[in-house]
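Student: First, the structure itself, so that you have it in front of you.
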Amino acid sequence: MERVYRMKRFLRLALILLCVLFWGWTNLVGSAGAQGEPEELPTLVEISFGVHPHWLEGQNAQKIADYGTFSVWRLPIGQTKLPASAQMLSPRVYLRGVTLDTSSQSVEPSLPQGWRQSLSGDEGAQLWLVQFAAPLKDEWLEALKQSGLTSVAYVPDHALLVYGRAPAQRLSTLPTAVAKALYWQGAYHPYYRLAPALRPDAKPAPQGDVDVTVQVFAGADNLDAMLAQLEGWASARYGEREPLLNLVNLRLRMPVERLKDIAVLPAVVNVEPLPQFELLDEIQGQVLAGNIAVFSGKTVAESPGYMDWLIAHGFPTDPAAYPLVDVMDDGLDAGDPNTSLHPNFYQWGSTANPDRVVYIRNCTSDPSGNNVGGHGTLNAGIVVGYDAQTESYEAGGYQLGLGISPFGRVAATKLFTNTGSFSWTKCSSSYAGVLQPAYQAGARLTSNSWGGSGEGKYTVDSQIYDALTRDVLPSTPGNQQMMHVFAAGNSGPYDTTINEPATAKNVLAVGATENPRDSGVFDGCWESNGDSADDLASFSSRGPTEDGRAKPDVVAPGTHVQGPASRDPAYNGSSVCGPAYYPAGQSLYTWSSGTSHSTPAVAGIAQLLYEYYGRVLAPGQSPSPAMLKGLIIHSSRYLTGQDAGTDLPSPGQGWGMPALENIVNMPGWVLRDQDILLTETGQQVEFYLRPLNPDLPLAVTLVWTDAPGNPAAGKALVNDLDLQVVAQGAQYVGNRFQGEFSVPGGTADDLNNVERVVLERAGNGVFLVRVLAHNLAGDGVPGNADATDQDFALVISNAEVTAPQALLVMNSLRVQEVMGNADGILQPGETGEVWVSLRNIGAVSADGVKAALQGAAGVVDVLQSQSDYPSIPAGETRENLTAFRVQVGLQNDCFLVPQLVLQVFMGQVEALHGTIRLPAAAQPGTLSTYLNSAVIDIPDNNPSGVEVPLEVPEDFRIYDVDVLVNIQHSYTGDLTLRLFVPDGRQVLLANRRGEYGDNFTSTVFDDEASLPISQGSPPFSGSFKPEEPLSTLDGISARGTWRLWVVDSAIADTGRVTRFELRLTPAVCPQYMPYRLILFPIFKNYTLP
């Protein structure tokens, strides 16, 4: 390993200045320095708002990179005076199961003996890691290429896996402008190339023969010989060599002793376990249409009439009007569309009419595409079943066999044999062999009720579906796009149990809720819950993914789902919950439970919205997969039932349940579907809009088909776009929610390729939507000359486009204490003057600006409430001309956060209505520590877990809480840690983090830590941000019993808690001097969200 520093020692303290045009500042990481291992390592900071380049120049800072809307700078060593908005950052390289802290002296972890690559990098062509100080620039990539190094894959953050001879020496020849942006370089050790389950320290250790997928760099020297060597070592080969992107995939059975031999080959990028795939009514339709009612607190279908609803909204009855959905499952009916089919697959549900099955294709080793188990037939009926059978009505008048898209077309690809085994031997044992003929036969959507491990991993299979979503025919000019809907899995109720390939970024992953039918009746899968469509199904796999992304995307009813039974003579119902026929007394229908059956329902929704988009929303156009995914997510309603109701996007419901009502009845659509191409980091696109109905919600959804991720990396996202919305004077970033609505402030999402902002009420006035290219590191749109680019789909409802306007937001607050104790903080009884700086992030000057400040009598009295502002040019800030004067109520608790409401008008139009929070008067006291060092065993695979109590006898109010734990456990990925507080609150500390690693060793959960626990790796030594903030406990009483609750959610590995320590800082109230005149006033400046 060699750290790259090419600057003098006085340039070792780094900061990132984000000069965001019209907006402020956004997140980026960067560093560089002089060659050699320094005594003092760089520190990165983030400047999010309110700092101008002249400030940096005054500190002798050097600009490292300029992205137009932001730039990256370095400060001299010893310069630690930073603006209040600066946040320290820690650079990391995120590999699978290993996080490299490249800001530390010791970057590389301790590895088992013999599992290191040469650190010199001099021995022939090999793979090497190179990290830059900031988001990649095209000229840096070109410089690497000119030096003889080839980019193989992106590795977050800002790193590349490259291939070439003597990489360390070649990096030393880079031009100065590029070299100064280098931050770290190091070996890509054989250990990193193996999935954690295959590593020598895996628990349990792999034994015997293992089925693996091996990925080899396709541009390697002696590629054919290397591939032949791998195949020669294998005891079995599954399918042919599969080219993908710049890789070649091999699926092999290998003796475990060969894993090291594979990993040391110079061009092997990734080795991972080969997944073992398995298969995962009108009521359902009415629920998904949004035609629901609530009785006794339970959400149910309002009444029959789904077919009438579709017709009333103009959905055509001609099958050819709809895109073809291929149900990839265990076959369809008798296996031949030219023979007798179930009547539900004919037009108008009658065998006297043409059928709507385009093809039945058999990829398996079975002789035909017939469906003996019944899974595929049921699911095809859920998508397109048309029920005209008089015997198919149940209590309440609902039709048993009515699908979600009853006029649409369907096809089937058989991937599972009649005995339930995954098989694709007749389709070249490859995804291309499965999907390409489907696309060429007219399919544009697939429904996939199958999946793998249920561990939330991003795998080769996920990567392939990400690639084939963008272009299923890469050898054909253009991009042939295809949307794939996948079952999230049936491994709930535990978190991080999404199946692959549903973990892919670009697919739509579907979880399950209850279907309100026959509650209390057990089907063949022992599922009896069915009283409310707002309750999550207990079996439905939960997110997030292993790298923290939000999955599932949406949910749909998935218990007791009715549909057609296969008409094959050998039908036995073995792949449905059954019984084979349900209800009793007929032989046309069956039922089943699982995300297998919520998935085709959403595929039916996708088919309907595809048609609606081209007929109503964008006449004559076909939606991209990103647009279709965006519409489905945008339509979703928030669920509040059992195991739902948390902040969006939630691990259980994702973005909620699709509701067609929210599409067909919502006014004012603004849609952009992949017609804007972002080609460089820092580019942004702005949209000025005006709400159509101020009392309806304002919703914005951004989705992009991201470049395929790297399965060997610790994060799957490649191209990071940021959604930013300014409305009613507040600034919002994507995916920062409380419950179902967005809250202002916060940091940008750098994990997901779906971002949303939803306001409960649109209000009046113009609002701004901005899409910013925060980091373009991969080829989001293949087939052009740009290797780092990205398009997107944008869905906005209840709005219309308008001309650019002035837009005001609160920037900063300046408080001058004029009567009090002169500490600069307004305490009970004290008086101060207030200036509020406003920033104009719009496109024209803000003129005629007036403001009024309001408080609550006795809490904060406003003595001077009116003030004018000067004209505020676009992109600039100004303060009120006359100071507001306020007095904090003398009887207030010093823990109170005084709040003021600021109304700003431009002429007669309200331009801003926001809340200002003055800091509480409470100050930190002396830290108190409380300890339970008893050794307490954690029960294995037991949802009850174990509680470790800790008594706090003193009664004081809390200023700050930190928690330290020591846990000895051989698989930290099994563990969930929660802190329970005496007043009944709870805080999630860690949720199944670290996968195969051992132990929490002196792990401190601290809101002020720079690294989230989600980005740490075992043994998690040091300080980490918890999953949920401990700051929610500030101000509560400390007295009582605190409890650490630890749950082990998987079998095999065991452990114990050896230390639970609370570090409580009490809050103290200073002495007030409310009537003392301050001769030399003290100013305090605060950044406003």
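Keep in mind that glycine also has a Cβ here, set from the backbone N, Cα and C atoms.
Found this in TrEMBL, in case it helps:
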- D329: active site, charge relay system (ACT_SITE)
- H375: active site, charge relay system (ACT_SITE)
- 533-570: region 'Disordered' (REGION)
- S596: active site, charge relay system (ACT_SITE)
- 920-1071: domain 'P/Homo B' (DOMAIN)
Student: Going along the chain, which residues six or more apart from D329 (active site, charge relay system) have their CB under 8 A from its CB?
Tutor: L279, N371, H375, G376, N379, A380, A412, T413, K414, L415, F416, S447, N448, S449, W450
Student: Do you know the DSSP helix, strand and coil residue counts for the region 'Disordered' (533-570)?
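Tutor: Looking at the region 'Disordered' (533-570) with DSSP, the answer is 0 helix, 9 strand, 29 coil.
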Student: If you draw a 10 Å sphere around the Cβ of H375 (active site, charge relay system), how many other Cβ atoms fall inside it, taking every protein chain shown into account?
Tutor: 30
Student: Through the lens of DSSP with three states only, how would you label S596 (active site, charge relay system)?
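Tutor: SS state of S596 (active site, charge relay system) = helix.
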Student: Counting across all protein chains present, how many other Cβ atoms fall within 10 Å of the Cβ of S596 (active site, charge relay system)?
Tutor: 32
